[in-house]
């Protein structure tokens, strides 16, 4: 008999909810999948003819009712009582109503194509979320179809099966293989319908709706016209433990409307479920009841076939939700008033026994279950086709793209049916029923998340015509779905989330880049803008200083070593690659820089550095650098340090193997071939006038960090790696100081480099230049104490340089020029002195360092001496290997806590 159908039969309702969402009623559903719905043909536009009632209300009602309305309302009232039952429906409908608001919002924000929840999630949250949720949605529909098929088989066998041949109607043999045969036949019937086309199901939907509404009408009428009667209860599936405990009743009463019956059914009375033998509680009953509250996205799934989707989806979905809520609560009240507690608890199909004609309820159960199985199969095939069209899983799903002449994805239908057939072999699927419900709840939560992300991103193009939602409703929907998932089964919920995250990572790393747009970029923009406004430059403090670098690059193919090295010393600060292209926009048809941005960003990705790119068009390199120093960055994130390649005659060498990264083939304007020495030094002076720190990088064109840090690079083979720092102005031996702003800036950058993971094993060597007559030990101790206070670990090496000082220039007598911020006395340095200092530096390298930091003096005040200044720097750093000449203009080190 039908009343012996196990719990599986009633948990299946969760699956039907989603299947109808995936079953477009017209055979043109396949053509609705491309990203641009406006590209459909005139024939397809004509197919969009469904009204709100036929296209949204009917599918949503059938999805939400399913078999629960016939077989599980009494179960809820019998265990929970009328008060808790109504409270449960209020909570459940509050949860789904939050998701309904999100569905309505997304569906009215522009054209919604076929694909239902998968389409909404993937186009809002990106391919990672969309693909993972879409695959889980596909599997849920496949399992849902199998669940409904098995549920229908159980209902048929319970009514017509041979084992209890007490009726002439029981003519069907039963058993595992017979049930599998019946299920296969039903699945083949669903397959035939889907292969012919979704329009067959669309026509049948209205007939099924009429059947279900008629059966519901007979149920309501029966409460009023059927006289009280005694109903024989089905035997429990499991006896009481050890034969103890109260015996199960064998009969129960339908009392019609009585006040005593109502009073007896007001409060909860949880007991054993006679179909499973498990003890019921609020959570377990709520989980079963919630299955009848899902299926809310059936209407949005049919947007491609609606006359006016933005009008129909919100109104139709909300109408269906309100109608089902009223019907469920009316049934609760009627059953509580007319059926005693034992009948409600011990007979899930008692509505058949009190109906004016018993087969009505059976017909309703069969009809709703069969339609659910067909719609799940149709839905699964449409999801699979949408996934295949989007190429998220590469060639694995490419066969599923094939369609018939009418647009029916017949290969997807066959694949879905084959998987359904495999699931049918597992027989009882109580466990999978819970997983399917959890998968559907994950989809609902993802839709809420998509709407929440769109709302939080504040994108101007997110302006749905349905405005009755806020981010609060989205959050409540997410929380509600999450709570329900863990309420149904915490282990399965955790496993489902883990499975989704695994799929998300796989798609992220394996799938091609999509052109749908990424909501993450909009969210990041929104948050970055907010925090940049909060970053107040007036609150800057030396304790939290970090280098924010603008590196000028023209030909990146010969600057790879320098680009990667500067990436190491930025210390989580701003890093900008600047590029100046000579030209005048007045004489050009368009901006020539726009087409270069993608190539520069590809370079950043290729080198795996964390940098921005700023390009500018100017009539000279100097003006271009000025532009970038003025405009680079935003708010409190602006470059404070300018890095230039050194002015010399070194030939550029292409260090990029990948020919696709052809960012710029022009000669570096800072290498002496486009820009002259006068302009080059003027750029340095401009930066210092703008209170920017300046660094000149020499001999980095062949720099390779891996090779520089390799133990084999040490001439002594001891594996030692060194960073050499000369914190004295070597062009001013008569005014050497180790505690001025520039010297401390050198120490800070060396320390920052030493803090980078790849450079942590390197040792900082600090060279202390001393003259005869000065206390070497005292100077060394003083410098060591300073390093200790600054928390910088370095080895101090005293270097006598009397011979070099003896060769320095004749002191000038003009003290005013001597103390000038642009000292002109530097112009009187002799080449012999500079060569001697250069040799002094070279002689200290045992073993040679990976990089040297040298003090960069200010350019002379007299612009006529710029060429001589550059010549002095050239002699000073000749053949030193990778060297940074650094000049700091702002304090960057403090001894305070």
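Each residue, glycine too, has its Cβ placed from N, Cα and C.
The annotation region 'Disordered' is assigned in TrEMBL to 16-42.
Residues or ranges marked as transmembrane segment in TrEMBL: 50-73 (among others).
On the 0 to 100 pLDDT scale, the domain 'Amino acid permease/ SLC12A' (55-550) averages 84 in this prediction. According to TrEMBL, the domain 'Amino acid permease/ SLC12A' annotation covers 55-550.
Residues 37-38, 76-77, 119-120, 124, 285-286, 289-290, 293-294, 296-297, 300, 303-304, 309-310, 313-314, 317-318, 321, 325, 328-329, 332, 336, 444, 447-448, 450-452, 454, 461-469, 473-474, 476-477, 480-481, 483-484 of the same chain, all 6+ positions outside the transmembrane segment (85-112), place their C-beta atoms under 8 angstroms from a C-beta of that stretch. Positions annotated as transmembrane segment by TrEMBL: 85-112 (among others).
TrEMBL lists 133-156 (among others) with the feature transmembrane segment.
The feature transmembrane segment is assigned by TrEMBL to 176-198 (among others).
Under the heading transmembrane segment, TrEMBL lists 205-226 (among others).
The feature transmembrane segment is assigned by TrEMBL to 279-299 (among others).
Sequence-distant contacts of the transmembrane segment (320-343) (same chain, six or more residues past either end, CB-CB distance under 8 Å): 56-57, 60-61, 64-65, 69, 73-74, 76-78, 81-82, 85-86, 89, 93, 96-97, 100, 216, 219-220, 223, 231, 233, 249, 252-258, 261-262, 264-266, 269, 292-293, 296, 299, 350, 354. According to TrEMBL, the transmembrane segment annotation covers 320-343 (among others).
According to TrEMBL, the transmembrane segment annotation covers 363-388 (among others).
Taken from TrEMBL, the feature transmembrane segment covers 409-426 (among others).
Summarising the annotation, TrEMBL assigns transmembrane segment to 432-457 (among others). The list of residues near the transmembrane segment (432-457) in space but at least 6 beyond its ends in sequence, with Cβ under 8 angstroms from a Cβ of it, reads 8, 11-12, 14-15, 17-18, 96, 98-99, 101-103, 105-106, 109, 117, 120-121, 124-125, 129, 133, 136-137, 139-140, 143-144, 146-147, 287, 290-291, 294, 296-297, 423, 426, 469-471, 474-475, 477-478, 481-482, 484-485, 488-489, 492-493, 496-497, 500, 519, 522-523, 525-526.
Under the heading transmembrane segment, TrEMBL lists 469-491 (among others).
Long-range neighbours of the transmembrane segment (497-519) within the same chain, counting only residues 6 or more positions beyond its ends whose Cβ lies under 8 Å from a Cβ of the stretch, are 35, 122-129, 131-133, 135-136, 390-394, 442, 450, 453-454, 457. Summarising the annotation, TrEMBL assigns transmembrane segment to 497-519 (among others).
If you look up TrEMBL, you'll see 562-712 marked as domain 'SLC12A transporter C-terminal'.
Note on the transmembrane segment (205-226): residues 20, 25, 54, 58-59, 61-62, 65, 69-70, 254, 256-257, 327, 330-331, 334, 338, 351, 354-357, 360-361, 363-364, 367-368, 371 of its chain, located 6 or more positions outside it, place their CB under 8 angstroms from a CB of the stretch.
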